[in-house]
Amino acid sequence: MPLRNLTETHNFSSTNLDTDGTGDDHDGAPLSSSPSFGQQNDNSTNDNAGLTNPFMGSDEESNARDGESLSSSVHYQPQGSDSSLLHDNSRLDLSQNKGVSDYKGYYSRNNSRAVSTANDNSFLQPPHRAIASSPSLNSNLSKNDILSPPEFDRYPLVGSRVTSMTQLNHHGRSPTSSPGNESSASFSSNPFLGEQDFSPFGGYPASSFPLMIDEKEEDDYLHNPDPEEEARLDRRRFIDDFKYMDKRSASGLAGVLLLFLAAIFIFIVLPALTFTGAIDHESNTEEVTYLTQYQYPQLSAIRTSLVDPDTPDTAKTREAMDGSKWELVFSDEFNAEGRTFYDGDDPYWTAPDVHYDATKDLEWYSPDASTTVNGTLQLRMDAFKNHGLYYRSGMLQSWNKVCFTQGALEISANLPNYGRVSGLWPGLWTMGNLGRPGYLASTQGVWPYSYESCDAGITPNQSSPDGISYLPGQKLSICTCDGEDHPNQGVGRGAPEIDVLEGETDTKIGVGIASQSLQIAPFDIWYMPDYDFIEVYNFTTTTMNTYAGGPFQQAVSAVSTLNVTWYEFGEYGGYFQKYAIEYLNDDDNGYIRWFVGDTPTYTIHAKALHPDGNIGWRRISKEPMSIILNLGISNNWAYIDWQYIFFPVVMSIDYVRIYQPSNAISVTCDPSDYPTYDYIQSHLNAFQNANLTTWEDAGYTFPKNILTGKCTSSKFKLSS
């Protein structure tokens, strides 16, 4: 296809015009000067004479024509040339026949032969618009013409809209010398019948694109959708997708839904069912754990004596502090295998099913954690979730079954875990029968009172504003009014506590220690008894406890170091040791002595609890005392070293024995001078419902006393 020659040199002047390409238009205005081309045929010259610039307005073309009709000394400047862009004062003088550097663009590389000719400002020639559609059209081109690259048609089948190349060729070859030639005018007025490699839309043939809004193509509906129709389809798209869904799409959708439902079942439903245990469909056959193979005859299994037949004869007596022999009045050797202690199972012991909230324990006391194995009672603590708590343990108590009033209580035990590890709370202790351990409503106003005066000591907070006491006052005081609720009016009653052992750890020296204490109320000033009446026998192993009490109890306590072999674990562990108390409750010569093994650790004499401040004498307990054996764990007791507590841990009890003077034997919970049975029976709600925390919650009220109740008592008179 012939293009305008940008490389050949052509000099022209106003006198060197082709006669076939000159003349006036129909208005008489002079036409633009057209240079003659020495190496181009006449047909090509004539074809280009009538062309106009499609990208210039009529005013711009008129100005261009006026500029072309100036003096012949001014050379012709084609529209769009580089020279036209220069300012008038600095525009290049094109009248000088100075050469321009050779063209070195794309076409110079593709047609090197055309570049070899001299450059003589031939770029001033008007653009050449001949179009070639086939090689035959270019047969008359000279070797200096630059050929365009092969035509690329993106849409080879665009229909009749594209002008045929034959028609274009006809327009390109029609003569243009006649001003009235309609064919030439039609061709020159159509800006899109120019060379095919030019397009204002990015380099493709202009004839291949629709340029008018009314032109239509077969794929217009894809590019110009109807908004209303699209909106209607959008509203029904979900329904139509299902309505016109083929089998393959339906099967794919079903597969996706199936995978989604399977994922929900596997990752949500199945874990929930597994966690709740809803799918643990075990057989209906009840599993029974046999604690022992021993067969007990129904009648011979009943013990007829408080002293266990398995107790050796050498243990039938015990020597007291004064050298007298006290006789054995009760014993339990726990030699029978598989004993259980649910309520009603055993005549002497009960394993309660409670949470010990009084000390904010972390375990739940469950009856199934207390049983007899290998000739011992075992209280087992597991990291086993129970009743919303994460630990389960055992407690055994003889409340309202076996009690004693003064005497000696001896217990042989192997303590749990390691002695050097802090956290566990093993306990061997006693408490007055008017309070049941773990049942807070029953203990309110009686624990740990041991008081026989009618003064500030029986009032709430001891009538002291300094916060020494948070107790509600003594419920069963000595001066209870006539007609009030009292087990035996005229006697001060309570539920004091004596601890044979509470296990803890001395973390500085890494050994276990035994806290042995008396818990009483009301309290001394600063919780300090008279230490002139307290004996410590060996200060290398026993010292008075730095903890002397708090607003809920006064604790007269001493701590003694223990051997690491007396614990469950350890290189030499597994040995048993006996712990004991010995006490007499005489007001003048009474005492309490504690033992580790056969060695006494310290003694409190009755005179250590003399009047102090606005309170009177605290007495060594005259109440019938029940026995409690338990293994607990609580942050209120000691730092818990979790990583070294190896659950399950077990406190083993070899035996429990009670000794009393032969002239003062009382192994009952309802002695005549300190009765408890009738009182308990008339207030069973407080003693059987562990969820009740106050006496009022159980439905009862504190009895009035003559000190604060404005009433009288026939059993007690205030001294003047």
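Including glycine, each Cβ sits where the backbone N, Cα and C put it.
Straight from Swiss-Prot, the features:
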type	residues	note
COMPBIAS	1-17	compositional bias 'Polar residues'
COMPBIAS	31-51	compositional bias 'Polar residues'
COMPBIAS	69-90	compositional bias 'Polar residues'
COMPBIAS	133-142	compositional bias 'Low complexity'
DOMAIN	289-664	domain 'GH16'
CARBOHYD	N374	N-linked glycosylation site
CARBOHYD	N461	N-linked glycosylation site
CARBOHYD	N538	N-linked glycosylation site
CARBOHYD	N563	N-linked glycosylation site
CARBOHYD	N691	N-linked glycosylation site
MOD_RES	S81	phosphoserine
MOD_RES	S116	phosphoserine
MOD_RES	S133	phosphoserine
MOD_RES	S134	phosphoserine
MOD_RES	S136	phosphoserine
MOD_RES	S139	phosphoserine
REGION	1-90	region 'Disordered'
REGION	117-142	region 'Disordered'
REGION	167-189	region 'Disordered'
TOPO_DOM	1-252	topological domain 'Cytoplasmic'
TOPO_DOM	274-720	topological domain 'Lumenal'
TRANSMEM	253-273	transmembrane segment
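Under 8 Å from some Cβ of the transmembrane segment (253-273) lie the Cβ atoms of residues 245, 279, all in the same chain and six or more residues away from its ends.
Ranking the glycosylation sites N461, N538, N563, N691 by Cα distance from N374 (N-linked glycosylation site) puts N563 first.
For N461 (N-linked glycosylation site), the nearest neighbour among the glycosylation sites N538, N563, N691, judged by Cα separation, is N691. Here the CA atom of N538 (N-linked glycosylation site) lies 15 Å from the CA atom of N563 (N-linked glycosylation site). The 10 Å shell around the Cβ of N563 (N-linked glycosylation site) contains 16 further Cβ atoms across the protein chains shown. N691 (N-linked glycosylation site) sits 44 Å from N538 (N-linked glycosylation site), taking the CA atoms of both as reference points. Between the listed glycosylation sites, namely N461, N691, the fewest other CB atoms within 10 angstroms of a CB are found at N691.
Ranking the glycosylation sites N374, N538 by other CB atoms within 10 A of the CB puts N374 at the bottom.
Reduced to three states, the DSSP call for N691 (N-linked glycosylation site) is coil. The average pLDDT computed for the domain 'GH16' (289-664) is 95. In this structure, N538 (N-linked glycosylation site) belongs to neither helix nor strand by DSSP; it is coil.
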